[in-house]
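According to Swiss-Prot, the protein carries these features:
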- 20-163: domain 'SprT-like' (DOMAIN)
- 78, 82: Zn(2+) binding site (BINDING)
- 79: active site (ACT_SITE)
């Protein structure tokens, strides 16, 4: 999905939230961190990613459209926090104590590592595999690695190797 398909009102709400949280952080930290580049090019099941070196936030337009309010409230500050932590502390653990502090104390947002959005619309085809205790769904990439003999996957519960159905 291209940015042009994303309603302008949603793009404006994203920018408002980004600028609001950046201003809040700059005030609390006594800094003047620049506004990061923002794009709507994230694909797959990730809601967003923060690219440190290019100082860029990439957001998933499909998940943004389907979950606008929660996405803008949570994902935008989450990714901004990664960039601010990198600027403020340098390279540290992605969801470590510095990130948690930035989210909760500086940005005033609960520090959640993962989103809870419905993923049906962004999930690719999967392939059924079995073990002793249950059925698993492997992604196309993992399935192809099994077919090429490059990988073996095991069940996290019973430890048995997964076998295609």
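Cβ coordinates are placed from backbone N, Cα and C, and glycine is handled just like the others.
Given the structure is predicted, the values throughout are model-derived calculations rather than measurements.
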Protein Cβ atoms within 10 Å of residue 78 (Zn(2+) binding site), excluding its own: 26
Cβ-Cβ neighbours of residue 79 (active site) (radius 10 Å): 23
Counts of helix, strand and coil residues, the domain 'SprT-like' (20-163), according to DSSP: 56 helix, 24 strand, 64 coil
